[in-house]
Amino acid sequence: MTSTHSRARRAGIAAFVGTTIEWYDFYVYATAAALVFGPLFFPSEDPLVETSRAFATFAVAFLVRPLGGIIFGHIGDKFGRRVSLVITLLMMGAATVLVGCLPTYADIGLAAPILLIVLRALQGLAVGGEWGGAVLMSVEHAPEGKKTFYGGFTQLGNPAGALLASGIFAIMSRGGDSFIQDGGWRIPFLLSIVLVGVGFWVRYRVEESPVFEEKVEGRKQSMPLGFALRANWMPILLGIGILPISTGGYYLATTFATAYATGEPIHLSEQVILDAMTLASFVEFVVTLPVAWLGDKWGRKNIMYIGLITSVLTFIPFLLVMPGRVEPLIFLFASLVRIAMSATYAPIAAILAQMFRPQARYTSIALSYGVGAALWAGFSPWFATQLVAWTGSIWSVIGMFIGMAAIAFICTKLAPQHSDEAPVTASFTARTDTTANRLP
């Protein structure tokens, strides 16, 4: 038992470190897209057009995520989770550093945004394979009854990466908006090379997933994608439906909110909104593991329900207080909405991982998360920006958020949950384990 818990801790820490670096790279791009990429790579006389174009490149990564899930899911199901995760880490780091080296539109014209889109696509491929593998490494190493908690280590990487990204931009904002515009934005991208070196060392030392090793001794699928689509098509669809707030809602509360606060007509200073986002990321970082722990005690689905309801109740005032420019309220609700969303994000690793049997599990979870992220998160900031432009009201975005939460609630209710202690068979069955039956 001690050995099991020791391996689970090592796998959890490795998942945390790796996903922190991957999400740092991802959020550095998201923050830069909201603040500077519009005028630097997509210049236009209309600032809203610049922001929309920048958010369109942000969406590119989500569009290729399913492809990344298929590619790295295949590698992870056939050759091991660790092999796939090392490749995704190196790919993400290389793409991020190269973004930091890119000349702008003023330097090389149309080639600049084209290269930016290519590198963003590489980021998307990497993340498409990263999340599912990191989740499986932590959850499959975890003992029964603690899978939500150890799955929370993977989820902890998200606020940690966001904290690093927004924190660095917040520090740079002290040099004035012109410092970031005039080249300071490159610094966070170039720092990724140091973080990737650390992540590679940590991740390479972790043991392979015991569930994968058992599968190798038993029956391994020659074509994981085909098996996933035949046997797991319904759980894959439900997994996509669970994700609207955990993915898309998150970017509405971060990337879109940053652009909304600093754009017309609010014109909040970049320093204020970046400080608010940094504080919110820190708060989310602190509460994520306790929330995951509660998922094992109260039921991971119950925590998800609480998170969906409270996310709606906090997101509405978060957007509505911004035009008043009352900074304490902006800081307060930025943190409250992230606390609420942590309850939709912390348990999602265990919920999705336990929806699938070990055969083709990596492919299934990566495909479900990749398509869900592409659908919900990839277009959320762009579509929200368009809604405000079309309707002239922030309530259109609030309505969009409420609809996304309703879909997630229904799909969570319908999602099956399986135990790794059940015999491994070659066919999919919808029966649930006793833990899942305790979780409505």
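Placement of Cβ uses the backbone N, Cα and C atoms for every residue, glycine included.
According to TrEMBL, the protein has these features:
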DOMAIN    11-420  domain 'Major facilitator superfamily (MFS) profile'
TRANSMEM  21-42  transmembrane segment
TRANSMEM  54-73  transmembrane segment
TRANSMEM  85-106  transmembrane segment
TRANSMEM  112-137  transmembrane segment
TRANSMEM  149-173  transmembrane segment
TRANSMEM  185-206  transmembrane segment
TRANSMEM  227-252  transmembrane segment
TRANSMEM  272-295  transmembrane segment
TRANSMEM  302-323  transmembrane segment
TRANSMEM  329-353  transmembrane segment
TRANSMEM  365-384  transmembrane segment
TRANSMEM  390-411  transmembrane segment
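Taking every listed stretch (21-42, 185-206, 365-384, 390-411) in turn, the largest tally of C-beta pairs under 8 A with the transmembrane segment (302-323) is reached by 390-411. Here the transmembrane segment (21-42) has long-range neighbours at 49-51, 53-55, 57-58, 61, 88-89, 92-93, 95-96, 99, 104-106, 112-113, 116, 120, 123, 126-127, 130, 157-158, 160-162, 164-166, 168-169, 180-181, 185, 188-189, 192, 195-196, 198-199, 251, 254-255, 258-259, 262, 270, 274, 381, meaning same-chain residues at least 6 beyond its ends whose C-beta is under 8 angstroms from one of its own. With respect to Cβ pairs under 8 Å, the transmembrane segment (272-295) is most closely packed against 149-173, considering the stretches 149-173, 185-206, 390-411.
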